[in-house]
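Each remark here refers to the structure printed beneath this line.
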Amino acid sequence: MNYQQQLANSAAIRAEIQRFESVHPNIYSIYELLERVEEPVLQNQIREHVIAIEDAFVNSQEWTLSRSVPELKVGIVGNLASGKSALVHRYLTGTYVQEESPEGGRFKKEIVVDGQSYLLLIRDEGGPPEAQFAMWVDAVIFVFSLEDEISFQTVYHYYSRMANYRNTSEIPLVLVGTQDAISSANPRVIDDARARKLSNDLKRCTYYETCATYGLNVERVFQDVAQKIVATRKKQQLSIGPCKSLPNSPSHSSVCSAQVSAVHISQTSNGGGSLSDYSSSVPSTPSTSQKELRIDVPPTANTPTPVRKQSKRRSNLFTSRKGSDPDKEKKGLESRADSIGSGRAIPIKQGMLLKRSGKSLNKEWKKKYVTLCDNGVLTYHPSLHDYMQNVHGKEIDLLRTTVKVPGKRPPRATSACAPISSPKTNGLSKDMSSLHISPNSGNVTSASGSQMASGISLVSFNSRPDGMHQRSYSVSSADQWSEATVIANSAISSDTGLGDSVCSSPSISSTTSPKLDPPPSPHANRKKHRRKKSTSNFKADGLSGTAEEQEENFEFIIVSLTGQTWHFEATTYEERDAWVQAIESQILASLQSCESSKNKSRLTSQSEAMALQSIRNMRGNSHCVDCETQNPNWASLNLGALMCIECSGIHRNLGTHLSRVRSLDLDDWPVELIKVMSSIGNELANSVWEESSQGRTKPSVDSTREEKERWIRAKYEQKLFLAPLPCTELSLGQHLLRATADEDLRTAILLLAHGSRDEVNETCGEGDGRTALHLACRKGNVVLAQLLIWYGVDVTARDAHGNTALAYARQASSQECIDVLLQYGCPDERFVLMATPNLSRRNNNRNNSSGRVPTII
């Protein structure tokens, strides 16, 4: 390394240390300012948020992720008109957002290349590439808009800037032309020949044309760039020769890639990226090549530019787990069953425990009210009062975790082998030939062939007393080390030694060394802000001398696959073991139900194709519901109508409360959604939404996007063309009950379009208590049940006898209604349905206008 390179590295290291050390003084200043807040409730709430921010900063990936977790660093550059922010947003969330982010952003996502999981770091640069950016990236994506000449020329400029800082032959490059802004008003100006020439000028890089509006080639771009990085690393590794550890090349050891059904990863904005947090909508086009983990990736403190936008675009991928805004949670999740609050799952175990904060340099403990539910989620709140009020709560999804007790073998674990530890593998044996994991079923067997009937085995590993590290303290020897419990549910096969590739996740490698008394914190003033647990049971030399002294801690640790740890402590030995056993049972139950939970009611490929064709064959579905474009391939679920791709983009912008958009070709279609679409169709939908168009001209195929958007907003948002309500003395809610009882779909759709949430939830009467959802489920009508749920009916409502709609669905033996109700959080209570009188009318004539209220007979 030459002298200039050494100076550059030294300067970069000093700058990073200065940045890192500047965070805590600012946080401590906030703690001091909090003392001036007179309102105690507000003060505590702000303090909890600051603590959470501090925890997230301290537990960033550089301190928590195992060295065996490989990273791929992708930089994205382009000017404000290039469409790069929409490209990134579509890849992360599956949705389209037109707004461009001037400051760029930092995002994380898991991506799978050749069966190997990688942490993909995406850096959306807010300006031209600088030296720090150029030296950081493993690959670069240059983005321009096909309708903007300036963005096209900017790529040449940015490429020249990159070449000044780094040899571009060292890194893969990808060129992307975006089609998002192309319209009749903005025609395409960059033809294919010019784009191909640019790709040749950029050292013959791969060229893609993408459309973030409907996802064309978006996944393919990122998958391709990831594969190029991996291939480049392998080529470099071969040219260097066999090497166990290469700087900045963490792909030398594999990670246990658990093939679990899709779980959410948090793409967090590191350093003020524009995706600041995520709501609850599910992406419409999920990737089959990427797995998403249900974990929050902590942000770092770098800021791309000093100028921040006042309003950040919010992604549709995530929901905050803090529970600090119950109204938003209720609105966003529609009272799902596993939420915390009224109607949530009943805890199978609960009580007060001590929890250690996530700080690595001190042992600070606080009392938490902890609950464990049978849905595989452990929650903790600062107090019982907060739990009852559903505020300040945090969740731990136990699906990808393990639980361990320092110095004690978990009671459910069985010894399968006695591996020889190594400092590089944190106590895991390199000779694992006695362990076999079948390639398909996920079963784990030991040398003796012991195997659980469920296909999941618990295997413990004893580690030898070699030198190991924990919490930055070095220990040379110890009498016994703790055993890590491994719960294997991935499709991995190995009949030979697995070496470093054996599940090198923190759930295995995180062993616990003897307790040490930490050195005094350099920030002593912080102790007055947070309660610190007594460490009087430790010896002066920092080591607990006997097993009895270790046992007095009554501590257990939950470790996630990504390295997050949660330390809890009970008051007695029995209480701790009870918690550990209950948590292990829920981990096992979550793994066993993992496969079955994703196997919802799905049609086979052939029957699904026939079902989708039946949707296209509905009257009016050969043309777009709003502009008459032929052969529409996009659907609005709650409207029951088909539309063209341009109108679907406008419908997305209306919001899911008005239109739930889904692709016929790209998305999954459960049975209940197919039935909704097969029951309505464009002709029926327009008979409701366009009956009173009053001679206004409907947009045509050649109409501009602006004309189509004006029509669509007037039609669905302002409801200017909506058919009038039927003439009747009944209230809208009572009329909806009658239409549901009669299974009159058109009338029900019309009433739902006119009605409010309160009217949709109107009941048959004080002595009855049934809502329209009860009546729909009693009839086994999944179409009406699904529509009512989308329009805001309370799925947890009970009739006068305490029966939910689920009880009526079970009585009607309607599995489709049962599945829909459970999906939206209806309490799963198997009570015997108490008889409730039928809802009928005294006059069977549907056109009866006597206005008689539905009668209970």
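Placed from the backbone N, Cα and C atoms, the Cβ positions cover glycine too.
Within the same chain, residues at least six positions away from G78 (GTP binding site) with a Cβ under 8 Å of its Cβ are K84, F142, V143, F144, S151, T154, V155, Y158. DSSP assigns G78 (GTP binding site) to coil in the three-state reduction, placing it in neither a helix nor a strand. Swiss-Prot lists 78-85, 122-126, 178-181 with the feature GTP binding site, giving sequence analysis as the kind of evidence.
The annotation compositional bias 'Basic and acidic residues' is assigned in Swiss-Prot to 322-337.
Positions annotated as compositional bias 'Polar residues' by Swiss-Prot: 422-449.
According to Swiss-Prot, the feature domain 'Arf-GAP' maps to 609-729.
Confidence over the region 'Small GTPase-like' (66-276), given as mean pLDDT on the 0 to 100 scale, stands at 81. The region 'Small GTPase-like' feature in Swiss-Prot is assigned to 66-276.
What Swiss-Prot records for 267-343 (among others) is region 'Disordered'.
According to Swiss-Prot, the region 'Disordered' annotation covers 406-449 (among others).
Sequence annotations record features per position, and here Swiss-Prot assigns region 'Disordered' to 496-547 (among others).
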Secondary-structure category, per DSSP, in which R123 (GTP binding site) falls: strand
Neighbouring C-beta atoms (10 Å sphere around the C-beta of R123 (GTP binding site)): 25
CB within-chain contacts under 8 A for D180 (GTP binding site), separation at least 6: G83, A86, Y96, Q98, S145, C211, A212, T213
Secondary structure of D180 (GTP binding site) (DSSP, helix/strand/coil): coil
Neighbour-count leader, CB within 10 A, binding-site residues: A81, K84, G126: K84
Helix, strand and coil counts within the domain 'Arf-GAP' (609-729) (DSSP): 49 helix, 11 strand, 61 coil
